[in-house]
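Each remark here refers to the structure printed beneath this line.
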Amino acid sequence: MEFKLLHLYHDIMDLYGDKGNIKTLEYRLNKRNINFVYETCGIGETKNFSDYDLIFMGGGADLEQKILAGDLLSKKTQIKNAMDKGVNFLLVCGGYQLFGSHYINAKGEKIDGLDLLPYHTERPNANVRCIGNIIINAKLGEKEYEVIGFENHSGQTILDNDKYFGKVISGNGNTFNSSVEGYMDEQVVGTYIHGSLLPKNPLLADFIIKRALSVKNPYIILNELDDTMENMAREQIKSQINSSK
């Protein structure tokens, strides 16, 4: 069995060390003897997006988003086809924003997004940021799980429905003092959580792996890994966050 991941704009959309998410997926797949195939797609490059189990896009500042926006729009049909065929997506920060309808930056400039997911983003004030540690309660299948990480964004994302990633326990979320964070549906996890996201949240990593693989292998069962160290780190981080309130 293999797991194929495509990393969109790996060279310019990695503002907060988002490659740590890929390293975590690779580690957890290798532990289960599942072959990990990693490929990239940058500006001017083409891929058959439907060939992959997971497509990942990380974060970048306004400048990087403006640079790649036109190229991303040129790939819309292929990305939409991949979605229609069940390919999964993990989108962080700028990647999350650009899959919505549009992003209005601090200068009032409108950057068109792919308009494949039901939300848009605005940046009303360049000097104000949602920044700091964050904890949300996410429902991963039948399990509720506290996802922890770090948010750092000025963009305010407004959902057109109630398909949020999780309810905010501590931190801001999609907007200043929001009650919800991110976007999630049957194929997509979109979030502002960095840190990186997946090293701190092993159950989420496995949730993403299983959902992606189950498109072609609906009865797949992942054997459990020993996450003692990861969970100890999680408890330490949560303790520090709670003590700083």
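Backbone N, Cα and C atoms are what each Cβ position is placed from, and that goes for glycine too.
Taken verbatim from TrEMBL:
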ACT_SITE  Cys93  active site, nucleophile
ACT_SITE  His194  active site
BINDING   Arg129  substrate binding site
DOMAIN    7-201  domain 'CobB/CobQ-like glutamine amidotransferase'
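Taking the features listed in TrEMBL, we show where each one sits on the structure.
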| residue | record | Cβ neighbours (10 Å) |
| --- | --- | --- |
| Cys93 | active site, nucleophile | 27 |
| Arg129 | substrate binding site | 15 |
| His194 | active site | 23 |
Practice problem: Within the domain 'CobB/CobQ-like glutamine amidotransferase' (7-201) only, compute the mean pLDDT. | Solution: 95
Quiz item: Reported as an integer number of Å, what is the Cα distance between the residue listed as 'active site' and the residue listed as 'substrate binding site'?
Solution: 14
